[in-house]
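Over in TrEMBL, the protein carries these features:
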- His169: active site, proton donor/acceptor (ACT_SITE)
- Cys235: active site, acyl-thioester intermediate (ACT_SITE)
- 37-56: compositional bias 'Polar residues' (COMPBIAS)
- 57-74: compositional bias 'Acidic residues' (COMPBIAS)
- 75-96: compositional bias 'Low complexity' (COMPBIAS)
- 37-96: region 'Disordered' (REGION)
Amino acid sequence: MFLLVVWLQHSFSAAALRNSKKLLFFLSILLLSACSTTPDESSPASPENAAETTGINEEESTLEETALETEVESTENSTEPEAAAQTETEAETTPVTQAEPIEPVLGGSAGGIIPVTLSIPAIDVEGPVLPVGLEEDGAMEVPETGDDIGWFERGVKPGAQGNAVLAGHVDDLTGPAIFFDLEKLEAGDEITVTSADGESLTFVVTHKEAYPYQDAPIDEVFGATSSRRLNLITCTGEFDRDAGTHRERLVVFTELKQE
């Protein structure tokens, strides 16, 4: 286009050149029009157009995912009646078996109370009762302090059929402990245990025995019996410094008082 303009300027006379200015004007307009092209569909999209396109694609993707999920849910729902019918059939054909009763530990029966306090008016004793289990060597645990009483919770509850067992220290490093005067009990003395909800049971002393600490009759103290007993254990006899304990164990046997 530029060469055409130069050729026209040199080929015409001054008069013709003036007449050709109009032609140059129109040629310039034509040149400008050729430079300002309208974007076609193949040109890169503007950010606005890109956003709109992305939005459309996302909507299409969401619709496809929704359709797929609907199809899956429809398939799952269609199998639920079959599964329910199968479950009902199995329930009708499967025999119902009754659970075997759990045997009470050490031959005790159901019932009784979980003691939280113990009272022995004859020797002016009243103290808290805590549940205890077994030591690693199989011996019954004892409370950590001299003021507490331990109830062997793996055995029988006081008031249930069998031998419930409570144990306490006779002394400790500070002096006499909760069961220091236990050996003073006589037949006929009463012992009362109370649960957390205030239910109380009273037991009557029948007899007491002292045994070598390695030769106590376990079955008689912890074993099964048709009576409802509460046995109290503490140390007695001389203190064996080598063994770190007293040489004997005192057991006070009691039975539930009949109202």
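The backbone N, Cα and C atoms fix where each Cβ goes, and this holds for glycine too.
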Long-range Cβ environment of His169 (active site, proton donor/acceptor), under 8 Å and at least 6 residues apart:
Val142, Pro143, Gly146, Ala177, Ile178, Phe179, Thr234, Cys235
Packing count at Cys235 (active site, acyl-thioester intermediate) (other Cβ atoms within 10 Å of its Cβ):
22
